[in-house]
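The Mo-molybdopterin binding site annotation in TrEMBL covers Asn94, Tyr97, Glu98, Cys152, Thr187, Asn239, Arg244, Ser255, Ile256, Lys257. Annotated domain 'Oxidoreductase molybdopterin-binding' per TrEMBL: 114-273, in sequence order.
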Amino acid sequence: MLIKKKPSWDKFNHNDVTPEEVYQQRRHLLKQIGFLGAGTLLSFPAQAGLWDLFSDDKSSEHFKQAGLNFKKQPAYDQWIYGDETPEAKVISHNNFYEFGTSKTDPIDNAQSFQVSPWQLRIEGEVERPMVLDYDALFRLFPLEERIYNFRCVEAWSMVIPWIGFSLADILKKVGVTSKATHVVFETLYDPEQMPGQKNRFVGGGVAYPYVEGLTLAEAMTELTFLSVGLYGKTLPPQNGAPVRLVVPWKYGFKSIKSVVTIRVTDKQPPTSWNRLAPNEYGFYANVNPKVDHPRWSQASERRIGQGGLFSAKRINTLPFNGYGDMVGDLYKGLNLKVNF
Ligand SMILES: Nc1nc2c(c(=O)[nH]1)N[C@H]1C(S)=C(S)[C@@H](COP(=O)(O)O)O[C@H]1N2
Ligand SMILES: [Mo]
């Protein structure tokens, strides 16, 4: 399948995207020749060299043409190259209620969404507040590619190759004050562009702007990612362009899209889904197969893009979505059934 498009949100000029099969085959080959196993043994330049053997990949050129590069991060890849959910699924099966509540509404309704100019404010309990414009999002910090498992509270999941940087990089740059305990995130509020913000039936009853929050410790942990791209390209609008949070050990609703404000605070903030249905969606929202949603089990998940034609493969859900070794310590002594 040749995915050919040049939508308005695509600010960095590029040509046709590599046909998906070629991309997958190349990754399969890398896997076969032990690129990933070797990745832990080889120095980074050696890994990069090996990757370059296959670098007719237009999708990474997309970033390169803009003078941008990203470093692959095998350390996070319990999900190896070749395991990713097909790009076509990642960009067409979305939750982004600002553009409508069905899975295909975001791809259908978000294509003219303006992502540039953009301003991301970092404010509140910080020593040096900052405003990042569109270009700064891509240039201020070294970009990394990380393949993360992504688990929606609705019990479907995908494996997604994100590009971005750790939220901690920004927080270190602005310097949080001694009062800081939590971090709040807000999506753009622009009802003219986002039909769901104009009409509560389209927007699923959420009070906009969409807001999310983390504890400071969660925000500072390396795994917490600000994504500006996926599959080697800038984010499509339906996935939260130009910048969105990715918190892979939490249910997907924590991974707020199209962020304009990051505010460091001294108290736990209200969050969109918790406000709407507090008995169903907690503040923590850590992926937990042992704590069911009141209306369905969380013990397993449908892996989108894998399995048969009509039914996705069902796999067991892991505590903290498989990232317990990296984040479990954050919750020592906390009752996860009460603090769901
Ligand atoms: N602003 C905003 N962010 C959002 C949402 C939303 O409706 N609005 N949906 C959330 C939910 S429920 C999920 S599962 C993920 C989906 O991300 P994806 O479409 O990139 O897979 O985005 C999250 N971030
Ligand atoms: Mo979700």
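In case you wondered, yes, glycine gets a Cβ from its N, Cα and C as well.
All features noted in TrEMBL, drawn onto the structure.
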{"residue": "Asn94", "record": "Mo-molybdopterin binding site", "CB count, 10 Å": "24"}
{"residue": "Glu98", "record": "Mo-molybdopterin binding site", "CB count, 10 Å": "29"}
{"residue": "Thr187", "record": "Mo-molybdopterin binding site", "CB count, 10 Å": "26"}
{"residue": "Arg244", "record": "Mo-molybdopterin binding site", "CB count, 10 Å": "23"}
{"residue": "Ile256", "record": "Mo-molybdopterin binding site", "CB count, 10 Å": "24"}
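For the Mo-molybdopterin site, whose annotated binding residues are Asn94, Tyr97, Glu98, Cys152, Thr187, Asn239, Arg244, Ser255, Ile256, Lys257, the maximal Cα to Cα separation is 18 Å. In the three-state DSSP classification, Thr187 (Mo-molybdopterin binding site) falls within a strand. Only Asn94, Thr187, Ile256 of the binding-site residues listed as Asn94, Thr187, Arg244, Ile256 bring a Cβ under 6 Å of any atom of ligand 1; the order follows the sequence. Under the DSSP three-state reduction, Arg244 (Mo-molybdopterin binding site) is assigned to strand.
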